[in-house]
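What TrEMBL records for Gly110, Thr111, Asn112, Gly113, Lys114, Thr115, Thr116 is ATP binding site. The annotation domain 'Mur ligase N-terminal catalytic' is assigned in TrEMBL to 24-96. The annotation domain 'Mur ligase central' is assigned in TrEMBL to 108-306. Annotation source TrEMBL lists domain 'Mur ligase C-terminal' at 329-457. TrEMBL lists Lys216 with the feature N6-carboxylysine.
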Amino acid sequence: MKLDELLKEITITDRVNHLPSVSINAIQFNSKKIRPGDLFVAIKGFAADGHQYIQQAIDKGAVAIVGEQPPTQLDVPYYQTPDSRKALAHLASQYYGHPYQNHVMIGITGTNGKTTTAYLLKHMLEKAGKTCSLIGTVHNIVNNEKIQSKNTTPDPLELQALLAESRDEVVIMEVSSHGIEQQRVEGIQFDYALFTNLGHDHLDYHDSIEEYFNVKSKLFKQLKKNGVAVIASHNEWGRKLIHRIKATEHDVYTFGLDDRDDMKLVHVCTEYFPLIKLKQESLEYTFQLPLPGLHNAWNTIGALLTVSKMNLSLEKVIATLDMFPGVPGRFETYSHTSGATFIVDYAHTKDAIEYCYQTAKRENAERIVHVLGFRGNRDVTKRSEIVSLCSSVCGQLILTFDDLNGVPEEKMISELEHLKENGAKNNAIVIPDRTKAIEYAWKEARAGDWVFVTGKGQESYKQKFQLPASNDKETIQFLQQERFALPK
Ligand SMILES: CC(=O)N[C@H]1[C@@H](OP(=O)(O)OP(=O)(O)OC[C@H]2O[C@@H](n3ccc(=O)[nH]c3=O)[C@H](O)[C@@H]2O)O[C@H](CO)[C@@H](O)[C@@H]1O[C@H](C)C(=O)N[C@@H](C)C(=O)N[C@H](CCC(=O)O)C(=O)O
Ligand SMILES: Nc1ncnc2c1ncn2[C@@H]1O[C@H](COP(=O)(O)OP(=O)(O)OP(=O)(O)O)[C@@H](O)[C@H]1O
């Protein structure tokens, strides 16, 4: 593509060596990836400043540069723009021909439930004969092919490439607050935007929960003119958002516990897979959820309300729910020969953990045991509140490693010890090696226990641990099969 074709999408405030007809092979925002003929976009990031790498990009063959800093004399054209991240997103969209326009775009945001809602939607739509791509935390799926996912919401280059590659009718995207703030979805317009809930998370990145909410709510500004907003009203932040969006021209549909909701949860029967009754307009639907836990009632209802606005028959969609295969690493249960139940779950917020406990209590758990870790270099302000909740509910709390994420081991151990001493009662212990922590819980488990192993879900371990396993599931399978199988 010619340079001037690309540049017409962005604001340019100053330039040197303008060369509009130069051909651009590809766009890059990492100098290391530059190949001859590429355009380099310099971004001032959190850890580094891309402007420092402009010369390196030119040495590697970049034929033009876009950046925020005022132009200096260079051997290639340089274009100054007010916001490089925004420019990158628009350049990428233009390069790939604005591929969002070829799909029905569904964006899902919220603290918890994005992945689960995305999987549920994909299942519902596919059973109704539609083809779907999914872009999110666990992996990306495009044209039925699984592609490794690095971020919940990919950077603009990867995102636009995925959208361009997709031949699927619908694209279901998880949209993280980091993704919105860093303008990874800039330039995309959505047909449907869903809000699941908001709770304390990521306050290492956002200054306050209000700011976190404001960022999330920006997704709804990217709705198409006739786009549809689907918002959970059972959470105070959802109600704020409904109020905010109702002042715009978009159609807003809500789900919750209120008579005014477009889809109302009328009744939940507390079974492992809860039986729920829903009401939409004058029609009632009673059915068993395809997943355990009340939180999954909300995820299922959010997805159902969305597909009902896509003109699918709710009755037919509900009939397909018993075929839903589940979501990797979300409330996966494993049996223990004593009769205890082990659960691997991706919970890493207070709300999510409360839902886990609620489910165990409804199932008459005699004792709740929790193997809990915190990711290094992520919101430390939520930790003590979570530990004190866990310690007050659990019979035994085992604090352990999640990903260290660059934090030295000794520092994380002393943080866990500090949390134990200050936030927990005397039912907490620290076992840093995650596999040994799970092994401890496994050895101690007895009939009637519900043992939660949370934080990593399906993710692979990044540290080397003692047992031969690369994730929580494998650790439990190792314990189930190899060493501690108890006589029947
Ligand atoms: C803190 C953060 O969010 N960082 C994101 C950000 O990186 P950054 O731009 O700040 O990168 P940087 O390292 O400071 O570098 C600045 C610039 O210099 C360039 N550079 C750097 C070195 C070099 O030699 N040459 C060079 O050109 C870099 O390519 C970059 O353009 O922009 C990148 C491109 O979009 C992201 O991949 C990266 O996500 C990192 C990997 C990350 O882990 N982010 C997490 C926090 C995140 O985004 N999580 C959310 C989900 C949260 C949740 O709900 O759980 C997600 O959507 O995944
Ligand atoms: N609607 C919900 N409300 C509260 N907690 C939920 C909800 N849905 C899921 N959870 C909890 O949050 C965990 C993560 O769920 P899920 O992966 O669907 O959310 P997510 O928003 O994609 O999370 P992340 O952004 O961290 O990937 C689950 O394992 C479960 O414990």
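Cβ coordinates are placed from backbone N, Cα and C, and glycine is handled just like the others.
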Query raised in the report: What average pLDDT does the predicted model assign to the domain 'Mur ligase N-terminal catalytic' (24-96)?
Result: 97
Report summary line: Row Thr115 (ATP binding site), column other C-beta within 10 angstroms, all chains, value 23
Query raised in the report: For Lys114 (ATP binding site) and Lys216 (N6-carboxylysine), what Cα-Cα distance in Å is obtained after rounding to a whole number?
Result: 12
Requested in this report: Starting from the Cβ centroid of Gly110, Thr111, Asn112, Gly113, Lys114, Thr115, Thr116, the recorded ATP site, name every other residue in that chain with its Cβ within 8 Å, sequence order please.
Outcome: Ile108, Thr117, Glu174, Thr196, Asn197, Asn299
Query - Cβ-Cβ neighbours of Lys216 (N6-carboxylysine) (radius 10 Å) - result: 23
Query raised in the report: Counting all other Cβ atoms within 10 Å across every protein chain shown, which of the binding-site residues Asn112, Thr116 scores highest?
Result: Thr116
Report task. Quick one: pull the CA-CA distance for Asn112 (ATP binding site) versus the residue listed as 'N6-carboxylysine', whole Å only. Result -> 12
Requested in this report: Look up Thr116 (ATP binding site) in the DSSP assignment and reduce it to helix, strand or coil.
Outcome: helix
